[in-house]
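Asks: Let me begin by handing over the structure; questions about it come next.
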Amino acid sequence: MERKTVLVIADLGGCPPHMFYKSAAEKYNLVSFIPRPFAITASHAALIEKYSVAVIKDKDYFKSLADFEHPDSIYWAHEDHDKPEEEVVEEIVKVAGMFAVDAITTNNELFIAPMAKACERLGLRGAGVQAAENARDKNKMRAAFNRAGVKSIKNKRVTTLEDFRAALQEIGTPLILKPTYLASSIGVTLIKEMETAEAEFNRVNEYLKSINVPKAVTFEAPFIAEEFLQGEYDDWYETSGYSDYISIEGIMADGEYFPVAIHDKTPQIGFTETSHITPSILDDDAKRKIVEAAKKANEGLGLENCATHTEIKLMKNREAGLIESAARFAGWNMIPNIKKVFGVDMAQLLLDVLCFGKEADLPKGLLEQEPCYVADCHLYPQHFKENGQLPETAVDFVIESIDIPDGVLKGDTEIVSFSAAEAGTSVDLRLFEAFNSIAAFELKGSNSGDVAESIKQIQQQAKLTAKYALPV
């Protein structure tokens, strides 16, 4: 069979490059279009070059030789991408036409909507234009969820301080304030007290002015205010060590939702995720409720052909509360870990759906496997504040080393990999925690509880050597 050609809009996020490009290139010819060259790391660029039959970079971002250099690491691209959505759509259509591609995909949250419009113009399978907008704008997303038959929650669009005051009066506290256009929990804030609410809103609103997003990202209001979803851990789990929310990965094919795998989580730092354990140990009844909620949510968004990453709060009486859903792959190593545990390559599966629709070998339900658990974990400054190695009042610090001591692993849990920020790395503690991952590690074991306990012990006992500054 002749290999089909897929256009990849290459940028940050989603399925990590170290898996995506090799997996995709095994079955498809890849053409990589890079709309934001400054958002590509050196290792990402090397993988793009290695596995693509052609690479197209947006020429408008090259002014000097320095612009051809790629950073070693990047979490969020802070340079400007000032092209309006229509111009981005036209560029995608142009590149797709040059190579007569059979499908278009991206791992980046911010290009979901322009990509959907390009797919529609070219007659290619995609998420769907309105559905992509629903999945990108959290106000539209919540409205779609509330219509879809999942748990309905109070919410209000917020642009101004007056809007926020009105939301406070209507919803009350505790209240969640979310930017409608970002990802990775950036800017998500829990408002607990009426007395400090306006100051919190002003702080977040001011801080988000420093977070650059492409001009092509559009929204009707920059924030959504929502009632807080209260979890009820003991109604779902029989053992300790996890969190009161999960994520579930799935695939949409011709408008039908196909669940793939559920990840358990360890407790968050605020709204910043700390670890994902694949697969979930929840019982069959719990999994069924989660799948039902995810199906209603993603089909309710109107999504047609795409990957989905859906986050669900585990509430009282086993009610599944929809947090949000994205029309893309999960980040971190959640997609590679599904392959490690189940042997299913979701990168290839998505491209199969985009090229062949329901002829792809879609799962008949959640994947099942012999007992083996893989955890994808990060350490943040807050962990070292909690274990007493960083003062609560520190404003920044310079890392000298981070080490995991012997004797912290439980059962047959093993460390598959560990990496930490290089010596000399400066960490600004005024940033949102999600920007400040300072170490990452992967664990593997035959018992999920032992893996979860090992994560906890590492968080409590990891050794940080650093120089820090205190406020004057």
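Residue positions begin at 1 at the first shown residue.
In case you wondered, yes, glycine gets a Cβ from its N, Cα and C as well.
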Asks: Given that Swiss-Prot assigns H309, T310, E311, R328, F329, A330, G331 to the substrate site, pick the one from E273, E319, E359 that the record assigns to that site as well.
Replies: E273
Asks: Taking just the CA atoms, what is the gap between E311 (substrate binding site) and E324 (Mg(2+) 1 binding site) in Å?
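Replies: Cα of E311 (substrate binding site) to Cα of E324 (Mg(2+) 1 binding site) measures 6 Å after rounding.
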Asks: Give the mean pLDDT for the domain 'ATP-grasp' (142-355) on the 0 to 100 scale.
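Replies: Residues in the domain 'ATP-grasp' (142-355) carry a mean pLDDT of 92 in this prediction.
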Asks: Please report the number of other Cβ atoms within 10 Å of the Cβ of T310 (substrate binding site).
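Replies: Excluding its own Cβ, the number within 10 Å is 27.
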Asks: Express the distance between the Cα positions of H309 (substrate binding site) and E324 (Mg(2+) 1 binding site) as a whole number of Å.
Replies: 8
Asks: In DSSP terms, helix, strand or coil for F329 (substrate binding site)?
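Replies: Going by the DSSP assignment, F329 (substrate binding site) belongs to neither helix nor strand, so it counts as coil.
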Asks: Can you tell me whether DSSP puts T310 (substrate binding site) in helix, strand or coil?
Replies: strand
Asks: Sorry to bug you, but what's the C-alpha spacing from T310 (substrate binding site) to E324 (Mg(2+) 1 binding site), rounded to the closest Å?
Replies: 6
Asks: Given the binding-site residues L182, A330, which one has the fewest other C-beta atoms within 10 angstroms of its C-beta?
Replies: L182
